[in-house]
Ligand SMILES: C[C@H](O)[C@@H](O)[C@@H](O)C(=O)COP(=O)(O)O
Ligand SMILES: [Zn+2]
């Protein structure tokens, strides 16, 4: 797809992320796989002020085009694409419930079968490291190895998927799971969870769920 079209889709995803209540201020960033690297939001610019020419290209070595400053988190976006060849879009935000669970430094357990949307029976929590660091990107590599979403301790959430629409959908879904987790945790700890066997059944069903038969 053409660069300007993808850049517009990145901005629309950022605006939708805010509209869904998943983000505040200039927190968060969004990228999409492009050529031998990715297109990513610039650092520190409010989404409503973003224009397509401000979206930054970074190659697979981490070199960005001159005259633009990429998101401070470009390292973990590159790590996500490196670790997961199956994904083409990455969304990061500081959604309130996900961040609250990350402060407790707990994974989200299998409290609802939709946990399987991220590829397994938990949403893991990557250990804390300062934002923008190589250390954080290395923790993200590990957390996303078998999942399409993870929490970042004392920070927020990352979700990745085949395209921007699905990555944002997953980020929203994980926020709902985090809200359910905290709501039930206030009543009972530990919260009842689904067995690995039940989650395995859902993972299998998700392989074909929503696929339409070609006419
Ligand atoms: C301090 C930053 O807000 C940090 O939390 C980063 O992770 C973030 O969410 C937004 O940073 P950029 O504007 O550099 O993408
Ligand atoms: Zn952040």
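Sequential numbering from 1, following the chain as shown.
The backbone N, Cα and C atoms fix where each Cβ goes, glycine too.
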Zn(2+) binding, same site as 92, 94, 155 - TrEMBL member from 66, 73, 173, 175: 73
Which of 29, 71, 72, all binding-site residues, has a Cβ with the fewest other Cβ atoms inside 10 Å: 72
Shell of the Zn(2+) site beyond 73, 92, 94, 155, same chain only (C-beta within 8 angstroms of their C-beta centre): 27, 28, 29, 93, 131, 152, 156, 157, 158
Binding-site residues compared (28, 44) - highest count of Cβ atoms within 10 Å: 28
Chain-internal residues, separated by at least six, CB under 8 A from residue 155 (Zn(2+) binding site): 94, 99, 102, 128, 131
